Amino acid sequence: MLQKCIKCGKTYDVDEIIYTCECGGLLEIVYDYEEIKNKISKETLRKRQIGVWRYLEYLPVKDERKIVTLFEGGTPLYRCKNLEKELGVKELYVKNEGANPTGSFKDRGMTVGVTRANELGVEVVGCASTGNTSASLAAYSARSGKKCIVLLPEGKVALGKLAQAMFYGAKVIQINGNFDDALEMVKQLAREKLIYLLNSINPFRLEGQKTIGFEICDQLNWQVPDRVIVPVGNAGNISAIWKGFREFEATGIIDELPKMTGIQAEGAKPIVEAFKRKAKDITPYKNPETIATAIRIGNPVNAPKALEAIYSSGGYAEAVSDEEIVEAQKLLARKEGIFVEPASASSIAGLKKLLDEGIVDRDERIVCITTGHGLKDPDAAIRASEEPIKIECDIDVLKKILKED
Ligand SMILES: Cc1ncc(COP(=O)(O)O)c(C=O)c1O
Ligand SMILES: N[C@@H](CCOP(=O)(O)O)C(=O)O
């Protein structure tokens, strides 16, 4: 097991605390896949409880006693028959990551990232966040007794997420700047070794998130979807999920791969623009803006990994407007009973748009990832809903209302 630069191929020991290569390239964790293949089979995996740690041999942990867990993963993969009818597709699933312990997919990353921090003997962890990363890191650092510092863009973090970070006991610092500014600041703290950084630039964190790909195969009885659609912000998740599929292929668990499809918001779409230019580099946005605050990111650190995932899987990247996001959020809640935060609904909005554009075939088996719980952002949900009806305590008035549509 090593850390390897995706740009120049240089390798580093896993115990070296380093976030990018000397050449500036992003790092990823590589394993001896033949060794994993000899240890693991579908049957052995199935004997264990579903969740991130079912896939232990694929995870960068040396000492199991150091694992910090809140029982993350094992999230539902819903077949969505009502949406299939509504959108005119043959087979549609939603992988609902809002069902994780703190309500987002970040918990998969943090169980592994904070376990690594434990193994390294780190005492102070930190991150920049649009909300979910901070909520999750605050919870896992509380559980492992570490000090936690989170930097947030003031006024742009959904209420539920802010409440979580504060309540789990993190030191919460709001900056007069956006997420990208906050990330630059915590990267500086990490370079000076004042914190162990647990944003997705840390390759160990992404190892936990790749288990979304593992679980999708597992829950589809080892079949592989034609396409996986993922909301994209800092671009770690789409890269991680793709790595999961590739590793299952490398170890003989699956023999096909899905088309990775990333969705961004119109006001923050540097990856979509790069994809449409067929480029490998992005042009960052200085002032990203969208109702989907979780993906209000102008300079995604994992852009090279995400673009590689999209290009080499034959996938696609598209942007959706705030109106399309809210419409999709409502559709998912009202047709399937699944309440997600706005950023999460971009995968559904993106699917609808790509079907209309003829990019996605109606016969495909599709999995949309919904990344965070709807209760994270109650303000957005209330703004998008009809006002409750107010009446006096009058039974006749109530009966009259009951008869209305
Ligand atoms: C709810 C939600 N959806 C999507 C994303 C985007 O994920 P990524 O940054 O890995 O692209 C985030 C945060 O980054 C998020 O919190
Ligand atoms: N949406 C994210 C943004 C940070 O992404 P990360 O994956 O690099 O931590 C958040 O929840 O803060």
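Every residue gets a Cβ built from N, Cα and C, even glycine.
Confidence annotation: the domain 'Tryptophan synthase beta chain-like PALP' (68-372) carries a mean pLDDT of 98 in the model. The domain 'Tryptophan synthase beta chain-like PALP' annotation in TrEMBL covers 68-372.
The N6-(pyridoxal phosphate)lysine feature in TrEMBL is assigned to LYS106. In the three-state DSSP assignment, the secondary structure recorded for LYS106 (N6-(pyridoxal phosphate)lysine) is helix. Under a cutoff of 8 A between CB atoms, and with a sequence separation of 6+ in the same chain, the neighbours of LYS106 (N6-(pyridoxal phosphate)lysine) are ASN100, ASN132, THR133, ALA135, SER136, LEU137.
Its own atom aside, the Cβ of ASN234 (pyridoxal 5'-phosphate binding site) has 25 Cβ atoms within 10 angstroms in the protein chains shown. Per TrEMBL, the feature pyridoxal 5'-phosphate binding site maps to ASN132, GLY233, ASN234, ALA235, GLY236, ASN237, THR371.
Counting Cβ atoms from all protein chains shown, ASN132 (pyridoxal 5'-phosphate binding site) has 31 others lying within 10 Å of its own Cβ. A Cβ distance below 6 Å to any atom of ligand 2 is met, among the binding-site residues GLY233, ALA235, GLY236, ASN237, THR371, by GLY233, GLY236. Taking every protein chain shown into account, GLY233, GLY236 are the binding-site residues, and of these the Cβ with the most other Cβ atoms within 10 Å belongs to GLY233.
Under a cutoff of 8 A between CB atoms, and with a sequence separation of 6+ in the same chain, the neighbours of ASN237 (pyridoxal 5'-phosphate binding site) are PHE105, SER200, GLN209, ILE212, VAL230, PRO231, ILE369, THR371. Most Cβ neighbours within 10 Å, among the binding-site residues ALA235, THR371: THR371 holds that distinction in the structure as shown.
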